[in-house]
Amino acid sequence: MASLQASCTVLSTNPRSHSSSSTQPLSAKPSHLFTHSRRSHRFQVSCDAKKNVETFQGKIDRRNMLLGLGGVYGAANLVANPSAYADPVQAPDFTKCGDAHDVATGAALDAKCCPPLADKIIDYKLPPFQLMRIRPAAHRASKEQVTKYEEAIRRMRELDTTDPQDPRGFMQQANIHCAYCNGAHDQVGFSNLDLQVHNSWLFFPFHRWYLYFYERILGKLINDPTFALPFWNWDNPKGMTLPPIFDKTNSPLYDAKRDPNNRGSAVVDLTITRSTDNLQLVANNLTSIYSEMVRSVSTTNDFMGKPYCAGTNPSPGPGSSENGSHTGVHWWVGTKDTSGPNKLNEDMGNFYSAGRDPAFYCHHSNVDRMWTIWRDVLKTDVPKDITSANYMNAEFLFYDENKQLVRVKACDCYDQRKLGYDYERIDLPWLNYRPPKKATKAKVSNISDAKTAASVLPINLKKTVKVIVPKSAKGKADEQLMLQDIQTDTTKFIKFDVFINDEDDKIEELDRAEYAGSFAQVPHKSKNKQGKSNISLRLTSLYEDIDVADDDTVVVTIVPRSNGEDVTIGGIKIVPVPPRSS
C-alpha cells in the first residue's frame, strides 16, 4: 500500500479576502481585514510536551514518561509503560466495533453504528480534479443546485432500502458520526478508552474528511463530479435561520426530529441565552463568533482543540469554534423532547443521531468554512497550523465514493483547495463585532458576592458564581483565563458563559466588553460518564476594553445556561499568554 507520509506537508497560510458577496471562491482576493504583525503560521505542540498528561492511569509527568524511551514497542507495552503515549491516534479497528450506548443508562441503543467490513484498506491518494467545487451558501443556492442536492440525497436514502450494507447509504453515512463519537470504537490498543473525535484537535480534520467523502458520494450518485455541498451561513444575519431548503416536509432534506419552535423565521440562538429579542440574538451571535475566532484565542490549540494522542483520555478540551457556534447549532436544531424511544435529544441534539439530519452536513460545512477563514483570512498573531507529528499522523477510516475503505491522515487536509473545493465569498459582519469599550471603569468593590478562588474551589455551577482571581501582572498585560478540570456529565447538554468585572449583570447580553467566552457540550456517551476538559480564554483585548491595567485582581463571573448542576470546575487562574513560535 502506498504511504501517505510523503504527501503530508506543512502548508503556509495565504491570507485571503472575504470582503464582499460573490460567487467567487473564498480564496479570491488578498485580505486586508487585520493589521496585526505577521508571525510564523506554524505551531509546535505535542502530547509529549514536558507537562502532565491525563491518561487512563491518571496524571503522568511527561518528563518522567520520556525517561528510558527506546526501541520498538507494541500495544501491550503501551498499556504497561506510560512513556509510550507519545503516538498519534490510530484509525479504528472496524472488526472490534461495538454498539453505541445510551448516554443516560449505558445500555445499548437501538442503533447499530458499526460500518460494514472490507477485505482491504487503501491508503488514500487525492485524485486530480478539473474544476474547483465551490460550496454555496444554502440560503443563496440556485434552483439547479438545490434540485441536484435533493436528488442526490433521495438516491442516498434509496440505498438504505435497496442495499442497507452499501457504505454510501444515508444511514451508513449517518452512522459514521455515531461510531466515532458515541463509544462504538475504542482506541486501538486501549480497550478501556473511547475513540472520540470531538473536544480535541481531531475535531476539524475528522469532520473535513467526513464531509469530503460525503460530498463525493453525493456527486457520484448523480454522476456530477462538480457537485458541491451547501453551507449553512449562520455567521451572517441573512443566514441565521434554518435554510428553507431543509424545511419542506416533502423534501428528502427534511427531518422530523427537529425542534418545531425553530422553523421558519426563528433566529438561530448560537449562544443559548434564550433571548426573546431577535435583534439581541443577532448581536449575541455576531459577538460570540468574533470572540471564538479572534478575541478569546491565545494559541493554536485555543482554536483547534487540545492535544489528543494514543493512550490519553478522550475530550481533553474543545477549540473555541467547536465549543461555541458549532455546539449552539446542534442544541438549537435538535429536539428538546426526551420522550423518544432512546430517551435522548434527537437528531442534531446528540452525537449518535446527528448525522441523520441532512442539515447536519450543511452545518458542518460552515464549521469547516470557519476553519478556512481562521487559517486563510484572519491576520492574527496566533500561528495557524499544528506541526506536531502526533497531530499530523492521526488517522481515520472512511468509505469513498467507489465503496473502497480508505485510510486518511490529518496532515493531508490542511488546505481545502488541494481537496478540490472552496467556498463562495460572503460578507463577514462579525469582524466588526468587537464589543465597544466600557464607558466607565468597573469597581470590583461594587460586585457583590465575589469570593476568592481558594474559598469556592471546586466550583459547582448550580447557580451563578463570582470569583476573585489575581492577575499575573499589573499594567497592560497579555493574559489568558484558564478554567481547568471542567468535569461534566457527558449525558447532558452543558453551557456556561464567562464575564470579567461585570457589575451590570446583564447576562442576556453578550455584546458587552465584559464578555470573555463560553463552554458548551453536546450530549454523548463516555465510558465513565464523566468528561474532563480545560479551556483558555484570552483577556488581552478585554482588558483594553474595560480598563483593568491598574488592578491586581479581577472578578470572574460564570453564568450557567444549561445543566449547571452537572458541571464542576476544579481550577481557575490567570496566566501570561505563552510566547509565539518564531
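Just so you know, glycine gets a Cβ as well, placed from its N, Cα and C.
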Cys97: disulphide-bonded cysteine as recorded in TrEMBL, out of Cys113, Cys114: Cys114
Of 1-35, 36-70, 526-560, the range TrEMBL labels region 'Disordered': 1-35
Per TrEMBL, the disulfide partner of Cys113, chosen from Cys178, Cys181: Cys178
Cβ neighbour count (within 10 Å, all chains shown) around His330 (Cu cation B binding site): 25
Same-chain residue ranges lying at least 6 outside the domain 'Tyrosinase copper-binding' (198-215) that approach it to Cβ under 8 Å: 89, 133, 173, 176-177, 180-181, 227-229, 301, 304-308, 314-319, 322, 351, 361, 364-365, 367-368, 371, 386, 391, 394, 396, 398-401, 408, 410, 413, 416, 419, 421, 521-522, 524, 531, 533
For His326 (Cu cation B binding site), nearby residues of its own chain (Cβ under 8 Å, 6 or more apart in sequence): His363, His364, Val367
Beyond the flanks of the domain 'Tyrosinase copper-binding' (357-368) by at least 6 residues, Cβ under 8 Å: 135, 138, 153, 177, 204, 207-208, 210-211, 214, 229-235, 242-243, 246, 252-255, 257-258, 321-322, 325-326, 329-330, 333, 347-348, 416
Inter-residue C-alpha distance, His198 (Cu cation A binding site) and His330 (Cu cation B binding site) (nearest angstrom): 13
